[in-house]
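Note sheet for the following structure.
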Amino acid sequence: MNEEIMTQLRSHREVMEAVERELTPRIAAFAGMLVAALKGGKKLLVMGNGGSAADAQHFAAEIVGRFKMERRGLPAVALTTDTSILTAIGNDYGFDAVFRRQVEALADEGDVVVGLSTSGSSRNVYDALALANDRGCITVGLLGRDGGTLKDIVDLDVTVPSGDTPRIQEGHITIIHIVCDLVEKGLFK
């Protein structure tokens, strides 16, 4: 058992080192985009499926509530949280529309719309990001593996260099925490 634990921790370290080496400029760009949008009165919309849905909620919670700094709340919505909206859209339009329909209702030009997908190929995230692009939003993909189909349609892809879903998710939450920290410092320090 100890060997397996050490193997997983080693794998985690290797992915975090790759994130640092390969993604630092992209993480900085992501934070800069979000700071500029929030300064301009825009909002964050964020989405994902499964574990990525939980990460989307976590991201929105840190932005609306606070990360580390005592400050005013900032506008962010996780499109994964309202079961009535999700099931109404899913029932009437299908699962592929659950995020697209919310983007249609909530996204304004200049908002930052973030899609999380460990595969980079979630159809419902793709459709929502495509519509967000059409509406003049800034689109960001927190992705994994090779970035999948989402990599080609977002303004900025931040693709964790791993093919292992748990390591990708760990990369995503680390990136989210870094972005939240940079947003607070960029807006309130």
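Glycine is no exception: its Cβ is also placed from the backbone N, Cα and C atoms.
Here Swiss-Prot flags ASN49, GLY50, GLY51, GLU62, ASN91, ASP92, SER117, THR118, SER119, SER122, GLN169 as substrate binding site, drawing on sequence analysis. Sequence annotations record features per position, and here Swiss-Prot assigns Zn(2+) binding site to HIS58, GLU62, GLN169, HIS177. Summarising the annotation, Swiss-Prot assigns domain 'SIS' to 34-189.
All protein chains shown were included, and the count of other CB atoms within 10 Å of the CB of HIS177 (Zn(2+) binding site) stands at 15. In this record, substrate is bound by ASN49, GLY50, GLY51, GLU62, ASN91, ASP92, SER117, THR118, SER119, SER122, GLN169; the longest C-alpha to C-alpha distance in that set is 32 Å. DSSP assigns SER117 (substrate binding site) to a strand in the three-state reduction. You'll find the Cα of ASN49 (substrate binding site) roughly 19 Å from the Cα of GLU62 (Zn(2+) binding site). Taking the domain 'SIS' (34-189) as a whole, pLDDT averages 99 in the prediction. Looking only at the binding-site residues ASN49, SER117, SER119, GLN169, the densest Cβ neighbourhood within 10 Å occurs at SER117.
In sequence order, THR118, THR165, GLN169 are the residues of the chain that are 6 or more apart from GLY51 (substrate binding site) and have a CB within less than 8 Å of its CB.
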